């Protein structure tokens, strides 16, 4: 139908629009409106109704149907955005950000630099503020602050590493660390160890003594080791490119092609059409028909012209090759076309529907198999006729494109190891967070999603670790037997951990906690690296980059092993499995390629082969690959099918290693747990296999049946490898060496074993110890760890359970019980570096090698008898020894002669067993018919026939540092010996001997055997005893050799300095300056007890008066000399003044003198009586560091050692005739003498020396190589003690009796005064301070002058803040803010009880009402003030409003007042009645942190400390007459008052100080250097006096009684108890003042009863009389008599009140809570850290302004100092009274009244009686002698405003008034 204007097609056809050329096209009618552009111009689809979607779907504008649930979900699922149009604004959650386009994103994505909304509305913002712990990058992003200048680029723009100071990291590395080039610190032992611990090889550069690389490796100039095949291969593999220098010839391998550039590429890449050489040389000279021209090029080259490529398949229009057009007409038989026919230029052109393609004939169509194209569908693909269908596996869903799959669940996270840390990055947003830091060298990692765990390996620490995915709970999983664990994988279904180790060439498996560890695959392994698991299929995959690189897989039980790739591999590093795609991917760092294959290795294909400098690890997620690259230090991604769309996810990393995608679909839950819930019935490991499972046993254990493993090993080879002890089980076939899990093995050398209890024993020559454990590593313990220097040989006598060892350092052979007890020296003479030792309990002999100057092999009886040299010729380094009991032969290995020889037990018939190929044999053992030995040089364990030396084989190789070796078995011979019966009759050790003797008895070192030959003496008689910081040792002088023995005390010592001995009881005393204790124990180590554990700082000197039964000590920290009974009781400070580092002390009981050295600024040697009297300086010149001190009683001379002058000197006992005994000595410390010798310790030579005491000659070394030597004492227990001066009835003393030169003195314990009789003492001081310092409560007596603090033995103190005392019951009350309790206790530490334990947060203040028996406290945490009875009952909240931070609290029971400080936002001091009523703010200006608060009951004033304004102030009880007492003070916390002093604690100076309360002068430090000082109170008979209405019968109240000024109220607790509560008030009779307990010395008070109180009392009496009068049955005479009695009582009370002594009231200390800006005391350490907080701006506004005024001009603002005023005025006329006062000296006002006398001085006339009576009204007048600030007085005003003062009036006593 060419040329016609209109086209007309036949029936059942649709006519397309006429083309520009006038051509017509006809298509079948059913193709119209089918969604396909069949006409080519869309005319068959124009005007069509869109297809109808199902009711569950949404119809897109482009005709697409999508799920209705996808509409308005923020994703463009329609691909034309029609599903996201006209969406209602979505309500975002609280943690989401609302985009302008209606989307919701996470709030943390707002302003993070990424366009998360899509419209960039989330980035229209100011730069977000970084927190205080973050650093801002220049792009606005925030990183952790400690990442700044750490050598690692964390900001994307690198600004965190710009402008860094060059020495930023310089000072951070310690002496034991090495600093990498970029600043990181690693342990120095990792420097030049052959491992790249820094990550940049800087720790391996410039290593002259670098360990050589392995045989198949090349060592770069930097020290880095690479594969030897990479040398001269054209690629720079060394970091310094040294592998490509000095290359002369091609080094490419047989399967490689050498490029012109010298680079080596795969031979298969030659002529493949790609320029792999980068210079085109691999494509030169190729035939055109070769590999470079793929078939069907013509068809492929026109692919760009094909339409609808993306959607289905190509419809070739005009462009496709082959016969496509023919003559004919589409109306006739459809033009011969099987599907579509259209006319083009008069010719018929056949085309196909989508999903079909034209065959070669050009007429027919055939189905296109879309599923054959890789990547067409993400996961599953099903081909249909004319189409296809993509589908997704479980856990994924199809995306809107119907081809790709999206994982269900959270957003994926890339988890990667970065050597020094493990980090997370979100791949789509590059959001970057830290998971774990401060790691050494994290390489491999994996995770367990369900258990939320991450596992990683550290190749520097050789550990496998785990932690929670939030970074918490870091734990070791595998800590032994690892060398280079480079790969790690988690079986998330069966909960197993698999790992590769290229050092041990193994794959191992264990439970997730590291238990039941098993070597799974060990044969034909070289360098296994990456590992991946497919637990669903039960498969394990791994790479091996040894000399024959390969990729293998096996079942997860180790069976079914198979190689799946072993060609074209060099360094297969990373490996991952695509579980959904059923493929595996790996990276090859040498070939720079990422490849993939099916899980069976088929269909292998390179995905990416360009742009991969050094890929290391790889992971897959959805359709993307992610990998790390060492050279680019980056994480990259690409499409997993095509390798295209490559992106850099994150670069500038430190050193990216392993990587995983953290997502639940990477550990799909679809797999079946083959082991079920009962571990498959297996006793140990249940490992999945292909279809089922296998029960497996830990390494070395045999299976006893299908399910169960043996519980123990029957036979195994035991060998030491310096840092571990290993075993090779002979119960199984694999003969894998297994590390025995032992802790802290530093340098294991010698071994032995005992099958009786299953113990293995080993020596460690680094820790100088002998240790043992059970064969499985449990119950590890140190057997011997003292007096060892190089224990190189070890042998077990399994018959008598004895342990024998040689020590090449001390040149001794020793023996002990198997547990290390009863140790004794057997042989100490003529030994020169003894090495190995073996024992023959059957024959009674022991044999040992000695490889000193004259190497030899000796034997002796096992009791050291019959010693004999059996071999002494042709020996060099005789190392290992072994006994063959079958052939009665002795075998030995000689590393110098390089032989293994044997001979008879007497040395005869000597023969060489093996004499060749023995580079350096060391350990040797025999079992059955074989001999086994270790060899240092060949790094192997070998075996041979023990008779012929033939049949040599290597059991295990490539093991460094091999040492001793033994075969553990259960078949050692047992024999009957004399020691088997009753220990051979021996009291201590029974040792076997040759047949002639059978056995002999021996004693522990230093103790002699008695004449019976069986029994040992009770202990050493004459010995040296010395302190060595961490232990105490003794050297016996009773035996012919000097051997030190450790005092076996069952306690730990930290820094033992001074030492003393009581020969009478056989006890040793010592001081430990770190533990701050003085302790004692018996000389045999038993009976340990701590004598003194409080009040010690650095006890440098200690002396025991064994005659007078006392212990004396010096304390350099407190500068005191003290004494106590031997049990630590009755402690007394003897000397405390003018001491400046007292050190050594010596006693002369008979003379009554004590001597001590002082090496302070002016070193001296002093003497005093042993009671501290008659002190005199003996020597004060030419002294430096006088350390040791000793008295030679026989020669009446004094000896001392001076470490500075390097002399030991002597003088007479009075200091005259001074002379030098020994000079020079290097650094003498301790000094002692016994008999004719002096002994001293020397720090520098680490030895104990001896010399003649008279001449100083004949110096010898007693013991050497003893670091940490301190004090020493020489003791002779048989020497008689002298006469005890105090022996008879303790000298008549009640407490301490101390000698002095001319008799004795009775002395009281510290703080207690001696009574007038000169013999007796009270148990406690009368007046003393009590203070707390968090973990202790201490006492300072105010009765004595020394002000020594004595600890109050209160148990279980954690963080004590506030204190108060109840003098009625003698109990101390305190708050503990760590336990949140209030407790009380007696001062002797008894009867401690918790009175309040619930509902407390931060109890800062505490006050006891000793009259009403209540206690009050503030709670800063709850902002409340509460009250309860003293036993904690009847608890009630008094104040809970308008409190911001209540702190200190104090009570005034006789006035009914409660005072407290509040240092919240507006600091204030408030007052209320004791029931919380009538609340009043006293002071709220010019306050900072009012911490402490106390009351002066005599002067009626408040004192407080302000820790912010740094001052102490006071006012009257109404807040008036305010004055600054002391300013500045450093950081006061609490205060109290006693007599004329104010005492306070100070945090900054760590001291207790005091000043006079009237003037603020005479400041003194009472106690210094006390950490964590808190509250302070005074206990005094004058403090808690007075009474109120609640003092008798609780005021008649059932629960709480609160006194007021003139009355009282009853109250009920907040929570009812089992008693009925009543608030009715029954007036009680007042308790007489004389009956107030604990105040027997109280005199009459100067404060009389107030008039209002008196009137109330009279009213009460009247009511009582009226009641008596109305009573029935009472005679009038009784009534009158009763009335007279009551009147008499009232008169007596009045007289008592008038004469009451001035000291009568109670003070509550200031107690504080330390939150806000004030430092917090809720810390774990005692040290209180002071913050220098800035004064708030309001501070300057609150200060009083000082204005210059004329004399006599006084205003409220201007008056600053009023010295001694007694105001009679009320509030209103108070200032008028003040103006009349006469100005005294200093601008102040003179005292008007004192509390004990009335001193009235005026200018005109005296007071009359009425005025005096008003003056004495205690409630109306407030008297002081203090500097005051503006304040007010109570309301009542005197009628005498112009009272004059009589200047010459003598003081009138109160009795006269």
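Every residue gets a Cβ built from N, Cα and C, even glycine.
Curation does not apply to TrEMBL; its annotations are automatic.
Here the structure is a predicted model, which means the values were calculated and not measured.
Summarising the annotation, TrEMBL assigns disulfide bond to 72-87 (among others).
Residues or ranges marked as disulfide bond in TrEMBL: 92-104 (among others). All chains included, 16 other C-beta atoms sit within 10 angstroms of the C-beta of residue 92 (disulfide bond).
The disulfide bond annotation in TrEMBL covers 99-117 (among others).
The 10 Å shell around the Cβ of residue 130 (disulfide bond) contains 16 further Cβ atoms across the protein chains shown. Per TrEMBL, the feature disulfide bond maps to 130-142 (among others).
Sequence annotations record features per position, and here TrEMBL assigns disulfide bond to 137-155 (among others). All protein chains shown were included, and the count of other CB atoms within 10 Å of the CB of residue 137 (disulfide bond) stands at 20.
The disulfide bond annotation in TrEMBL covers 149-164 (among others). Residue 149 (disulfide bond) has a Cβ environment of 16 other Cβ atoms inside 10 Å.
When other Cβ atoms within 10 Å of the Cβ of residue 185 (disulfide bond) are tallied across all protein chains shown, the result is 15. The annotation disulfide bond is assigned in TrEMBL to 173-185 (among others).
The disulfide bond annotation in TrEMBL covers 180-198 (among others).
Neighbour count (other Cβ atoms within 10 Å of the Cβ, all protein chains): 20 for residue 225 (disulfide bond). Marked as disulfide bond by TrEMBL: 213-225 (among others).
Per TrEMBL, the feature disulfide bond maps to 220-238 (among others). Counting Cβ atoms from all protein chains shown, residue 220 (disulfide bond) has 21 others lying within 10 Å of its own Cβ.
Among the features that TrEMBL reports, disulfide bond is placed at 232-247 (among others).
Other Cβ atoms within 10 Å of the Cβ of residue 259 (disulfide bond), summed over all protein chains shown, number 20. For 259-277 (among others), the entry in TrEMBL reads disulfide bond.
For the compositional bias 'Acidic residues' (273-285), DSSP puts the residue distribution at 3 helix, 0 strand, 10 coil. Among the features that TrEMBL reports, compositional bias 'Acidic residues' is placed at 273-285.
Look at TrEMBL and you will find 273-293 (among others) tagged as region 'Disordered'.
Feature annotation from TrEMBL assigns domain 'EGF-like' to 390-405. Cβ atoms under 8 Å from those of the domain 'EGF-like' (390-405) belong to residues 64, 66, 70, 75-79, 376-382, 579-580, 622-623, 664-665, 668-670 of the same chain, restricted to positions at least 6 beyond its ends.
Taken from TrEMBL, the feature repeat 'LDL-receptor class B' applies to 452-494 (among others). Within its own chain, the repeat 'LDL-receptor class B' (452-494) is flanked in space by residues 186, 190, 195, 197, 415, 417, 422, 434-436, 439-446, 500-504, 510, 512-514, 517, 528-533, 535-536, 540, 542-543, 556, 575, 658, 662, 667, 671-675, 686-688, 724, 726, 737-742, which lie at least six positions past its ends and keep a Cβ under 8 Å from the stretch.
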Quick tally, other C-beta within 10 angstroms, 164, 198; top of the disulfide-bonded residues is 198
The answer for the repeat 'LDL-receptor class B' (538-581), taking Cβ pairs under 8 Å and residues 6+ beyond its ends, is 216, 227, 229, 255, 266, 268, 378-379, 392-393, 395-396, 405, 487, 489, 491, 494, 496, 498, 500, 505, 507, 509, 520-521, 525-532, 587-591, 597, 599-601, 604, 615-620, 627-628, 640, 658-659, 665-666, 668, 674, 687-691, 693-694, 696
By Cα geometry, the one of the disulfide-bonded residues (99, 173, 185, 225, 238) nearest residue 259 (disulfide bond) is 238
One finds that other Cβ atoms within 10 Å of the Cβ of residue 104 (disulfide bond) number exactly 17
Out of 72, 155, 180, 232, 247, the listed disulfide-bonded residues, fewest other Cβ atoms within 10 Å surround the Cβ of 247
Tertiary contacts of the repeat 'LDL-receptor class B' (1066-1108), defined by C-beta under 8 angstroms and 6+ residue spacing from its ends, are 1019-1020, 1025, 1027, 1032, 1034, 1047-1051, 1053-1060, 1114-1118, 1124, 1126-1128, 1131, 1141-1147, 1149-1150, 1154, 1156-1157, 1170, 1189, 1271, 1277, 1281-1286, 1297-1299, 1336, 1338, 1348-1351, 1353, 1569
The repeat 'LDL-receptor class B' (1152-1195) resolves under DSSP into 0 helix, 23 strand, 21 coil
Here the Cα-Cα span from residue 137 (disulfide bond) to residue 180 (disulfide bond), rounded to a whole number of angstrom, reaches 25
Residue 92 (disulfide bond) to residue 155 (disulfide bond), Cα to Cα, whole Å, comes out at 30
The rounded CA-CA distance in Å from residue 220 (disulfide bond) to residue 142 (disulfide bond) is 40
Across all protein chains shown, the disulfide-bonded residues 173, 277 give the max Cβ-within-10 Å count at 277
Closest by Cα to residue 72 (disulfide bond), out of the disulfide-bonded residues 104, 198, 225, 232, 247, is 104
Residue counts for the repeat 'LDL-receptor class B' (844-887) under DSSP, helix then strand then coil, are 0 helix, 23 strand, 21 coil
Running the disulfide-bonded residues 155, 164, 198 through a 10 angstrom C-alpha radius around residue 185 (disulfide bond) leaves 198
Summed over the repeat 'LDL-receptor class B' (1196-1237), the DSSP helix, strand and coil counts are 0 helix, 24 strand, 18 coil
